[in-house]
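What follows is a single structure, written as structure tokens, with notes after it.
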Amino acid sequence: MQEHAKWMEAEKNTMEQWNILQERKRHQLQEYLQQEAKLKLEWELEQKRKKEAEEKLKEIEEEKKKQQQIFMSKLEQFLAGDSTEPPPELLISHETRPNVDNCPFFLKTACCRFGDQCSRNHRYPGISNVLLAPNFYVHFGLNNSNFSEYDTDVMLEYEDSDTQKEFLEFFNDVLPEFEKFGRVTQFKVCNNYEKHLRGNTYVEYAELRCALAAYRSLHCRWYGGRQLSLQFCFIDSWKNAICGLASRRRCPKGRACNFLHVFRNPRRFYEDYKFEHIRSVNMPHFKKNVSIVKQLT
């Protein structure tokens, strides 16, 4: 009897342990299924978010293409002489943050190290007499950032003997291309090391139509194996945009300077900016309608 009772007790304990184990397995399975369902839901929501973002981006790109087509169509009409004044569609300026103060660096140089992510406002004119080709001039002496800022002997020797020489070749090759469209009143190429200024090329025309004709013909054209990108910008004063100490090698900011460090043009071309009067930002082709640049959220 005692043996039977012990056997029954052992059997009972075994069943209890088995039930506990089965309950634990059921609980683990339930947790696993819940986690899988959660991950699946998160994946589906992420895919939905990505799809919506892609569709939104596609809509924005299509709208940009549409606006660019309208812009180029009106530009062609204006260049054809259909009107003496630029069509309103060409006068629409764009602002990144219209309700905040203007970025002082962008206001002076049409460039900013933070791009359109800057906390200050960047205002882009629809059209202007000044064209900017970002990072147009490329040279090892500018692109090489491995040298320390204090390796002056190496970099000065390299700049004087190679970079300036190749710049002169660039100057003599590129300037005549821009002069085909009208009288150029300013031509400046940056030798800054900062990426947002490095190799930037500014071309100012005496007449607005000349700048538009150059944009129409040269924008997206290939040069030196790279596609040229042009944009209109406004420089109210070259004297304020260009670092006056850089030419004397006395700029305290060095490579970190956010003003224009420019190459010396041959035969002192376009050096009269030092005696210029500051132009008004309320130029007729700059102050018209304003539209806000759409931000992806």
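Even glycines carry a Cβ here, placed using N, Cα and C.
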- Task: Scan 209-236, 237-264 against TrEMBL and say which stretch is down as zinc finger.
- Result: 237-264
- Task: Have a look at 97-125, 155-183 and point to the one annotated zinc finger in TrEMBL.
- Result: 97-125
- Item | Positions on the same chain near the domain 'C3H1-type' (97-125), where near means CB under 8 A and six or more residues out | 132, 134, 194-197, 200, 202, 231-237, 240-241, 258-260, 285-286, 290, 292-293
